[in-house]
C-alpha cells in the first residue's frame with residue numbers, strides 16, 4: 001500500500017518494526033547467579049579431586065548444570081579440566097560445550113570447540129547454527145548450514161526450523177525458498193516446528209499468501225504457529241484479516257499466550273479499535289497472564305494509537321521494568337498527538353533516570369515531537385547535540401529528514417532546501433517528499449516544482465509524488481500543469497490510493513469512501529452532512545475550497561468537499577453514537593484542512609470530543625479546540 005510519501009510514515013514504520021521485533025522473554029525465567037552454589041560447587045570440587053578418573057557421567061551432569069544456570073566460569077573450569085587430564089570428550093559432550101558457550105554469548109569459544117571436533121553429527125551442527133541464528137548472525141548461520149550440507153550430514157527438523165529464522169533480506173529469502181524445496185523433498189514440511197518457521201519466514205518477507213498456504217497445510221497447529229500467522233498479517237497492516245483469523249482460531253480452541261495478545265494488539269492499533277483493545281486488556285488481566293514488558297509495550301502503543309494517552313501513560317508509569325522500546329512507545333505516542341512539550345519532558349526524565357540509554361529511534365521520536373509541537377529551536381538544539389556526538393548516537397539519514405520536516409513545517413522552506421544541499425547523505429525520496437509537502441502547505445511553487453520533478457524521476461511509480469505536485473499546481477491555479485501531471489500518471493499507469501475513513505461503533509467498524517454510496521445508511525448520512533453544513537454556515541463557517549483540486553466551479557467544489565470520507569464518518573457517528581460519546585475517526589491518508597475545521601465545529605456545537613487520526617498523527621478536539629493548535 002503506497003501512501004503520500006512523508007518521512008513521518010517512514011519513522012513510525014521504523015518504530016513499529018522495532019516494537020514488533022523486540023525479543024520476547026522466555027516463558028520461564030532463568031535461575032539467577034545466587035543459585036550457582038551448593039550442589040554445583042560441590043560437584044566441581046569432586047571433579048578436581050577425581051582428576052583423570054573423571055568419567056562421562058560426571059562431566060555430563062556438570063555441563064548440564066552449567067548450561068541450565070548459564071554458569072560460564074564453572075563451565076570453563078569443566079572444559080579446562082578435560083584438557084588438562086587429556087580427556088577426549090565424545091561428540092555429545094563437545095556439543096554440550098557448544099550449547100553452554102552460545103547460551104553465555106561466547107560464540108567465539110563455541111566455534112573453537114566446533115572446529116576442533118574430530119567428528120560432528122546433526123546435533124552439533126544444529127547447535128552451532130542455532131547459536132549464530134539466535135544472536136542475529138544470519139550470514140554465519142546460513143554459511144554454516146551450506147557447509148553442513150556439503151559435509152553430507154542430513155539436516156533434521158530442528159536444523160530446518162533454526163536456519164529458516166536467518167533467511168531474511170532479499171538474498172536470505174531466496175536461500176529460504178531453496179531450503180523450503182529441500183524440506184519438501186525430505187518430508188519435513190508438515191512438522192510443527194518447521195512449518196512455524198516457514199510461515200514466519202514468508203510473513204516477514206511480505207509473502208502472506210505463501211505463509212497462509214504453509215499454515216493451512218499443517219496437520220496440527222500450536223500456539224507458536226497460530227501466533228506467527230496472526231503476527232504476519234498484523235505486521236503487514238492486514239489488521240482486519242489478523243483479527244478475523246484470531247477469532248476463528250480461538251473458537252477452534254487455540255490457547256493464546258502473551259505473544260499472541262501482543263500481535264493482536266498490533267492489529268487493533270492499526271484499526272484504532274479502542275473498545276476491542278480494552279477487551280483484550282481486560283481478558284489478559286482476568287487470565288492472569290504474565291505481564292512481560294513486550295506485552296506492556298504493545299498496550300502502550302495500542303492505547304496511544306487509539307487516542308487514549310492517559311491509559312498509555314498509566315501503564316508506562318506502573319511498569320516495574322522499562323526497556324528503551326517502552327520509552328520509545330510513550331515518546332511516539334506523545335509525538336503523534338502533537339504534544340511536543342510532553343515529548344521533551346519525558347525525554348528529560350529518561351536522561352535523568354539514566355537506567356536506559358536512548359537509541360536512534362528515541363531521537364527520531366523526540367525530533368518528530370518537536371516538529372509537530374512547534375518547538376523548532378529545541379529540535380535544532382537536540383539535533384546539533386547529536387551531530388557533535390554529545391548523545392552517543394550518530395545522526396542518521398532519518399534524523400536529517402526530521403530536521404527537514406521541522407523547518408518545512410515551520411514555513412522555513414528555503415532553509416530546509418539549503419539544509420538538504422549540505423547533508424552528508426544523498427537525499428532520499430522520503431526527505432524530498434517531506435520538503436514537497438511543506439512547499440504545498442506554504443505555497444512555494446519554485447522549490448516545489450524542482451522537488452516534485454526530482455521525485456518523479458527518483459520514484460516514477462509512487463502516486464503520492466504526483467498527487468502532491470498536482471495539488472501544488474492546483475493551489476496556484478496552474479491547471480495546465482495539473483493536467484500534464486495527471487496525464488503523466490496515466491501514461492505510467494500510476495494509481496492514487498483512494499481515501500477512506502472508518503469509525504468503530506458498538507465494536508463494529510464502519511468504512512466510508514469519498515462520495516460513498518455503499519453504506520446501508522448512505523442517504524441518511526449525506527442528509528446529515530448537508531444539515532451540518534447549513535447549520536455551520538449560519539455560524540460563520542466558510543468552506544475551504546482550496547482543498548478541492550479540480551478545475552470546477554465553486555458550487556461543484558463545495559459538493560466535493562461535503563462528500564469527503566471524514567465528514568461522512570463523523571456524520572454517521574453523530575447519528576448513531578449516544579450523546580457525549582467521543583467520535584473517533586481514522587483515515588488512511590492525511591485529512592484536509594476543511595474536514596479539520598468541520599470536526600472543530602462538530603465538537604463546539606455538539607459538545608463532543610472528536611479524534612481524527614490520519615496516516616501521520618492525531619487531532620484530538622475538545623470544545624472546538626484541536627490539540628495540534630492548527631499547526632500541521
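Any Cβ shown, glycine's included, is placed from N, Cα and C.
TrEMBL lists 540-632 with the feature domain 'DYW'.
Residues annotated as repeat 'PPR' in TrEMBL: 121-155 (among others). Sequence-distant contacts of the repeat 'PPR' (121-155) (same chain, at least 6 residues past either end, Cβ-Cβ under 8 Å): 91-92, 94-95, 98-99, 101-102, 105, 107, 110-111, 114, 162-163, 165-169, 172, 175, 179, 182, 186.
Away from its own ends, the repeat 'PPR' (222-256) comes close to residues 1, 16-17, 20, 192, 195-196, 199-200, 202-204, 206, 208, 211-212, 215, 263-264, 266-268, 270-271, 273, 276, 509 of its chain (Cβ-Cβ under 8 Å, at least six residues beyond either end). The repeat 'PPR' annotation in TrEMBL covers 222-256 (among others).
Annotation source TrEMBL lists repeat 'PPR' at 323-357 (among others). Within the repeat 'PPR' (323-357), the DSSP-based counts of helix, strand and coil residues read 27 helix, 0 strand, 8 coil.
Remote same-chain partners of the repeat 'PPR' (359-393), defined as residues 6 or more beyond its termini with a Cβ less than 8 Å from a stretch Cβ, comprise 8, 11, 14-15, 18, 324, 327-328, 331-332, 334-336, 338-344, 347, 350, 399, 402-403, 405-407, 409-410, 412, 617, 628-629, 631-632. What TrEMBL lists as repeat 'PPR' is 359-393 (among others).
In the predicted model, the repeat 'PPR' (121-155) shows an average pLDDT of 94.
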